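K.L.:
My questions will all concern the structure given below.
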Amino acid sequence: MAKLYFRYGAMNSGKSTALLQAAFNYEERGQHVLLAKPEIDTKGADQISSRLGVERTVDFLIGPEDDARELFAEHRRRVQREAEAALVPDVRTDVACLLVDEAQFLQPEQIDDLLRVAVSDGIPVLAYGIRTDFQTRAFPGSARLMELAHSLEELKTICRCGSKALFNARLVGGRFVFDGDQVAIDELSADRVTYESMCARCYLRESGERLR
Ligand SMILES: [Zn+2]
């Protein structure tokens, strides 16, 4: 049975790099993959970009109202048609895997769709995302992935103190802020909003012991 995988971490834990590497590993073996991400993500619209400089356009964006399973099925049919038309021997004619970046921004119902893609449609789904927002609360998509995924894998990154980073502190104009919307409006325009991955000890020190 195909499975739903959730690979999660703090910001800057190399999620996009890991996703692009996974896609490469499949394609190196002559297999097809499909890449998707939620429409809400604003940095680079339809691109998955790793901090190492690799960039790739997704096959489809998932809007907040979309049926993720139906969208996947449409693109799967396209891959099947193209592969059959190409008539290249030894190239497989079906999708081997669906890779989803920024999965924290999907709706919980869309995570349900991803489980159906894996279990009912038989295609493995690898979802990558951030576990919690800058106020240490789970994103709705991540919470549902924690509930449903067959496999959870943490991608680790380091706090400035050297401990494992757990949280994502938000900075606006270089200063820490602990109030605001889950997705900062400023992210749409300027580079004023940045994030720093932090361990719990450093986060609590910066927030004055506040957690939300
Ligand atoms: Zn620290």
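Using N, Cα and C of the backbone, Cβ positions are placed for all residues, glycine too.
Per TrEMBL, the features are:
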type: ACT_SITE; residues: Glu102; note: active site, proton acceptor
type: BINDING; residues: Tyr195; note: substrate binding site
K.L.:
Non-local Cβ contacts of Tyr195 (substrate binding site) (under 8 Å, 6 or more apart, same chain)?
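P.N.:
Correct list: Met11, Asn12, Phe134, Asn168, Ala169, Arg170, Leu171.
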K.L.:
Run through the Cβ atoms and count how many others sit within 10 Å of the one on the residue listed as 'active site, proton acceptor'.
P.N.:
25
K.L.:
For Glu102 (active site, proton acceptor), what is the secondary structure state per DSSP, taken as helix, strand or coil?
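P.N.:
Looking at the DSSP assignment, Glu102 (active site, proton acceptor) belongs to neither helix nor strand, so coil.
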